[in-house]
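These notes are about the structure you will find just below.
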Amino acid sequence: MSTKSMIRDVELAEEVLSKKAGGPQGSRSCWCLSLFSFLLVAGATTLFCLLHFGVIGPQREEQSPAGPSFNRPLVQTLRSSSQASSNKPVAHVVANISAPGQLRWGDSYANALKANGVELKDNQLVVPTDGLYLIYSQVLFRGHGCPSTPLFLTHTISRIAVSYQTKVNILSAIKSPCHRETPEGAEAKPWYEPIYQGGVFQLEKGDRLSAEINQPEYLDYAESGQVYFGIIAL
């Protein structure tokens with residue numbers, strides 16, 4: 001039934017009842033009926049507007065034609081993304097704690113991995129396919145006190161490309177944990193100096209990547225996960 005039909009029926013009912021009602025009692029009844037009719041019409045009109053403009057009614061799921069629905073569970077989305085990229089080359093190697101005095105990378109430790117063609121040869125990661133890669137590495141230095149000569153710590157990631165076979169630094173950082181010498185007789189306080197580097201690069205199949213430092217004797221192996229090197233295909 002439309003809103004106009006409802007209003008017309010209410011008006012007809014008012015005319016019939018107003019003819020039958022008489023005197024003060026009839027006027028009072030007519031007034032109550034008019035108020036009730038007004039509220040009924042107002043309510044019906046409001047309900048019609050809400051239904052017409054879709055303010056109330058069944059909920060419709062918003063979906064994007066080029067992507068997952070907005071109410072899709074996050075876990076399911078992450079799982080699908082992980083499955084879609086499971087065939088991409090990836091590697092995460094950690095420092096070999098059994099090789100003191102030098103930075104040697106290993107892939108047989110906990111939390112280390114190599115997958116989908118990445119190889120570790122001669123302390124270098126070998127790229128299996130052309131593409132964009134995220135390259136990252138972190139080292140942590142530790143020492144006690146500061147020497148009389150300046151102490152500089154460097155961390156460098158280099159690339160040897162198959163196309164020109166020349167070692168080129170693609171990421172490099174330098175830090176100095178000591179700003180002045182520890183006075184003679186003073187307590188040698190410990191210091192820590194982390195260096196993290198990362199960037200995205202276009203690599204070719206067969207490229208070799210290395211992560212090196214200049215002061216391996218200051219490396220801190222006290223905790224696992226402090227010194228690592230890795231690549232992820234994007």
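Backbone N, Cα and C define each Cβ position, glycine as well.
Keep in mind that what you see is a predicted model, and the values were worked out from it rather than measured.
Copied from Swiss-Prot, the annotated features are:
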type     : residues      : note
TOPO_DOM : 1-35          : topological domain 'Cytoplasmic'
MOD_RES  : Ser2          : phosphoserine
LIPID    : Lys19         : N6-myristoyl lysine
LIPID    : Lys20         : N6-myristoyl lysine
TRANSMEM : 36-56         : transmembrane segment
TOPO_DOM : 57-233        : topological domain 'Extracellular'
CARBOHYD : Ser81         : O-linked glycosylation site
DOMAIN   : 89-234        : domain 'THD'
CARBOHYD : Asn96         : N-linked glycosylation site
DISULFID : Cys146-Cys178 : disulfide bond
*Based on DSSP, name the secondary structure state of Cys146 (disulfide bond): helix, strand or coil.*
coil
*Expressed to the nearest Å, what is the distance separating Cys146 (disulfide bond) and Asn96 (N-linked glycosylation site) at their Cα atoms?*
26
*Expressed to the nearest Å, what is the distance separating Asn96 (N-linked glycosylation site) and Cys178 (disulfide bond) at their Cα atoms?*
27
*Are there residues of the same chain, six or more positions away from Cys178 (disulfide bond), whose CB falls under 8 angstroms from its CB, and which are they?*
Cys146, Pro147, Pro150, Leu151, Trp191
*Ten-angstrom check, please: count other Cβ atoms within 10 Å of the Cβ of the residue listed as 'N-linked glycosylation site', all chains counted.*
18
